[in-house]
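Copied from Swiss-Prot, the annotated features are:
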SIGNAL    1-20  signal peptide
DISULFID  CYS301-CYS317  disulfide bond
DISULFID  CYS309-CYS329  disulfide bond
DISULFID  CYS323-CYS338  disulfide bond
DOMAIN    339-542  domain 'MAM'
TRANSMEM  904-924  transmembrane segment
DOMAIN    976-1261  domain 'Protein kinase'
Amino acid sequence: MRKRRLWWFVVLFRVTLVGAILPNETFDVRRYYADRFLIEDEENGSSRSYYISAESKAKAAEQFALLAPNCSLTSDIQENTCNETSSFCDHRVDSTYKTYHYEQEKCNCFIETCDEETNSTELMVLYPDCYCGKREKHCDLSKEKCHWTPDSDHDDLKFEVFESSNKVLFDYMLQAGSEKANLKMNKVSMVSKFFRQSGFNCSLRFMHHFTHQSSTSRLVVRSILQSGEKKNLYEHWLKPASVFWVPVQVAIGSYAEPFKISIDCETGFPPKKKKNKPFTCSIADIYFENCGEIRDPIEQCSRGDQFLCSISANTRCLQNAQCDSRIDCDDESDEMDCGNINGTMCDFNGQDYCNSWYQVTNVTDYHERLSEPTTVAPLNKLNEVPLHLFRLQSPSAKIKEAMRGSGNMLVFDHKPNPLTRRTSALVSPELPRTNPEAYDEKSPLFKSCKLRFYLCSRTYSKVWQISVISKGINPMESGRTIIYEAGYTLIPKENCTWERVFVNIPRQNAGFRIGIFVTNYFPGSEEYVAIDNLSFSPTCFERDINQSTWDIPDLFINTCGASGFEQPQNCDHNRELDGQTGHFLKEDGTQQWTVPVTGFYRMEICGAGGGSNSKASGDTGDCVTLQVHLIENLSLRMLIGQMGESPCFTEHDDELRPSSCSKISHNYVYDGKRGAAGGGATLLTVEKDLWNVVAGGGAGASWDGFDMEVGYGASAIHVKPDQRCNETCKAVSHTDFIVERRDNRCPGEKGESTVFGGFGGGGNSCGMLGGSGAGYQAGNPFGKSRARSGSSNVSIDFSKSPIYYQSERLDEGYIKIAFCRKRCEPPTVCRFRKDYFEEEYCGCPDGSNVTDTEEACAFPLVCPSSSTNQYRNFTYEPFCLCNNGKEIYDVYNDTCEEIQIWTLYNITFLIFAALTIIGALFVVYHYRNREKQMKQEILDLTQMKSPDYLYDDIYFGRTTRKAALDSLPSISRDSIERGRVLGRGNFGEVYYGEYSGVKLAVKMISRTFSASQASQSDFCNEALCMGTFVDENVVRLIGIDFEKVPYMIALEYMEGGDLLSFVKECRPNQVSLNPFQLAMSDLIKICCDVAAGCKCLETFGYVHRDIAARNILLTTRGPQRVAKIADFGMAKEITYGTEYYRINGRTMMPIKWTPPEAFIDGVFTTKSDIWSFGVLCWEVFSLGVVPYPNRRNEEVMLMLTEGARLEYPYGIPTRVYQLMRDCWKTAAADRPKFVDVVEIFQDIQDDPASVGMPFPIHPAVRATFAHSQSTPVSVETPMTAMTEISLNSTFTDASTVKVSAQQDMQDRIQLHELMLTREHPYTSELTSYVVNSIRKDLARVQYENGLTSVPQPEYLSPENNDESVQLIPQSNTVTDQTPPTSLIDLNRLGVQNTGPTLHRPDSLNFNDPYSSVPLLECQTR
């Protein structure tokens, strides 16, 4: 009799070790089979056989008793005997367990269980989807054939059967709910019958439509054992984003004891008041699936993405659930032994995102904000700090939690709304290489390495992405592979639905990182992204992985399928094959590779061959094989040469030979006598301006005859062309290895028939001669044999003893890189033998063989005591590194010279210290004797001022102050939509606002200052000034509100911030020498705007008194910026005569922006603003350097009084500095008016010689920028500090300054003469009194600060009248930062703020070179 066998379990005690990881190593397979029946049905359904594994027949009888009716024990139990034909014989049991057999005469899915106490029976189902005959898969709710029973604890809440209007999904449905009943913590359920057992793949499927009456409403699926123990299998509690039916699949698993399933709809608490939310719960299409298949769980749950729960009572096969921060097994075995590799699990509940992950942000460009700013910045100082776009957030009404109790999540939702477009990246720590088994098609772990996370998003496309980042690469630079990119997920409602995302991780043969990138493309939009519970599959990494693995794959870098002149376009396929080892394609066609591990590497580098014609083949390229020592994270840039093009002789040759036939000339039918183009060279470099390795390209094939219409290939060194190379030859020759197709085309009509050289500088051909090959020295196209091909070269400081040879194949160029993998015990290192560098061996660092002596592999040099033993990178040559940075290779003839130098330094220091102590004692003694006399002689300037005020009120438009205020536009503060605070101080605060769509900066005086009459006067004065001066270069007044306290002024909002902060941020930084890409014309335009605003003030007869870069605001930081004058708190109208007025009383003023007549006589005129404007121009062109660096205010006053002026900033146009000197004339009458200044600047803007000058970047800064890119060499510390630049080279005498190629020497001479020109000293009745008082005050301040040993500069001596004395002491001492405006009380001449302590920097600070080095072109003597 043929039998149809249904196997629910197959193997009793076989554990299959698959790959590197088991589904669950703690699973008890014997216990699993002792609790479950194996069932076999006859093919015709007439009988059914049961098998059980037990220790004895009696134990088996206890199990089979559940199957016998009427509670009677059966004696018809037999021990099963295996034969070869029985499929059960393939699966043996151990000696303690045997298999027993019991047979029933018919198929039966129902079991009558008895209760001995009540002597009653209850119907139980064998397993959930058991059937005999025709299968009733779906529960027809209209009939009584279902294994389900409704239950409810409320009379108005019961399930009723309804016929579905949509027959496509289902025919009938169950629905329970009530609109009027007061439902509070009630429940309506559908409960199944008890089932004897189930398979481990058993699941329940149904559809539900659930309407919440409150946030506590939920739908729960539970399993209930006979003992009453309950377990939640599924929970639905989130409010739906749509009104559609939700299909559900609930994993039940394999139960070994009777159980039943309950679908519970819980109402929760009633809804809040005034909210009518009826509760409804609808269920349809209920059925079980795969519940009888009790197969061998280990064999059936053995894939890499599966996990078998270890409890035999309820065994489940989980999919993508192991190590995902969520407990799915009752014994928590799915989350055991997880997180061994740092950073592979992240639930975002920590304080720093997750374990070792970090966030970086890159500002990409500037743009105008589209909504209210949330970045707090003062109105007059835009100190912008990059804000990260990702942040941690707890669940909210907008974004619910991904799972119950999951906690914080990673969110991007534009809340920071930064002023600039930026990109943030959440970057993982360095991860080891991926498990090779996960990428082997024959392995059960194939395609199991995934990145898993929960996602809730509402975004446009490409707003965020997940990428693989190669080891050692800056996350914001190129060299990353996108593995997941956001699509268009903008949904109509605010709430989004969480979904689980699985992303395949490409194979990684070396260490790598994962980065989650987001860019705020659309500021102010309603986009948001939420990510939670991010984890890697445990099969991604080997269990015993060594994170510093030596298993580095060989790397083969080719042209990525490109040929001829076309640059490589796509190398993704190659990157996938080599396992993402840090190799990627750059925009210019070069390729970059990052060294994964420090050690020796073998490189085989070959140039490309030349093109061929119908007569001959082109020459092959050159090859170089070498050995080089590379350090980890070093970037190598490579250009792979491509074959030169071959001429097309028919219209279809390009189809037959697409890789080398000239594509541009296929419409031109040649006469057959044409030359081919030369091959490109293959190059490698670790420096920007030097090719360390050049493998020459082969020459293109030539035809018989001679012509001169042929070109040279590119050359790394200068090549003198052959005398036969005419102008045409020179025109079609290459000067660079990276050339574009349109360059060096053949002249005239033959331009369309150019046969182009291969990428990498191959020479073009225009006639019968073939183009020469590119190389270290390009080949001569007029030469013979190999002289026409390019030569090869390896720089001596990159590799020693390279092997040069000619390639045997006419092919594209390539580079092969192999790592020396042999593990060697220190001090030996893995190296390659010098015969073709193929054999690996463990040798001494210098390449010699290891001996058994004590001196084996000893350092070959005896270094001085003040030096350390080092090995040079690349060549691995030994040398001694002195403490002063000097490198010694010949220890017998060279020394560090450090001991002698330091001895001299110590002696000098001791002498200086002794003199300092003696001088200090003398000054203290002298000061004590004259202290009383000095205090009596200090001049009180208030006694020298006229006691009469020159004005009692300020008149605007010849009206009273009140009338002028009444004429200003008024605005109600209640109509302003208030935003964030932009700035706050003692006077009050400034906040952002919007009024009728107009952006405002609202300034409010505090209540304390509102009570002061003087403060009210100043506040009104500022409003009157801005309301009177209506000009495009003056900040516009929108309105005022003086009706109630605190007073309010509404001004136009200036997004660009203050001018001083802007020019400081224009300085070179570590990323760019010109961050804002400014030109000289931009700086001139800013100064012209300020002059135009001052012209408006001059027209009205007002003096601003505080013209400085800090008081100038910019409309934007982009190219359309306009500078406007602000802060009129010190502005006064001239009411005495028509030209000036005199101040009296305690007056504070910015000394470094003030002319001599102001701080000596207290006289301010419009010419005073002219002086201040000249200092402002100096600030702009010096990029925010404080005027008169390192000078106290007292020193500045003495300098200006004696006729000294500021030096010119580096790179300033001569005409601009001439105008600045005109503004600083001693006599106010000699200074120009602002009308004249505006005309001069307009003329300068039309002068190409001025506006065409480069952006002023000091050579010291350029040198520092270049040195910052270098890689110092050290075996022990490979990443040392940047090479120090001597400050003495920065400050040179004018006669030694190198002449710039962009500026005429005559202009430089004129600039220097202007700078050396000394103005007439300022003299008045008060000059001598003020100067003497300043000298005394300066001496007193020095004594109080303990500076008694500081010698007095010569120019401070009252007896010194020699104008040749240096007014600006020659010193490299500079301030660490630009000090705030220093103010001097003219009545007491006491220094209020002298700035930070002076110090001498040890090296050039590249982070802010303008604050550490005064960028003056030369020093004055």
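Placed from the backbone N, Cα and C atoms, the Cβ positions cover glycine too.
Ranking the disulfide-bonded residues CYS309, CYS317, CYS323, CYS338 by other CB atoms within 10 A of the CB puts CYS338 at the bottom. Averaged over the domain 'Protein kinase' (976-1261), the predicted model reaches a pLDDT of 86. For the recorded site, CYS317 (disulfide bond), the DSSP three-state label reads strand. With respect to their backbone Cα atoms, CYS329 (disulfide bond) and CYS338 (disulfide bond) stand 14 Å from each other.
Taking CA atoms as the reference points, CYS323 (disulfide bond) and CYS317 (disulfide bond) are 14 Å apart.
Within the set of disulfide-bonded residues CYS301, CYS317, CYS338, the entry lying nearest in space to CYS309 (disulfide bond) is CYS317 (CA atoms).
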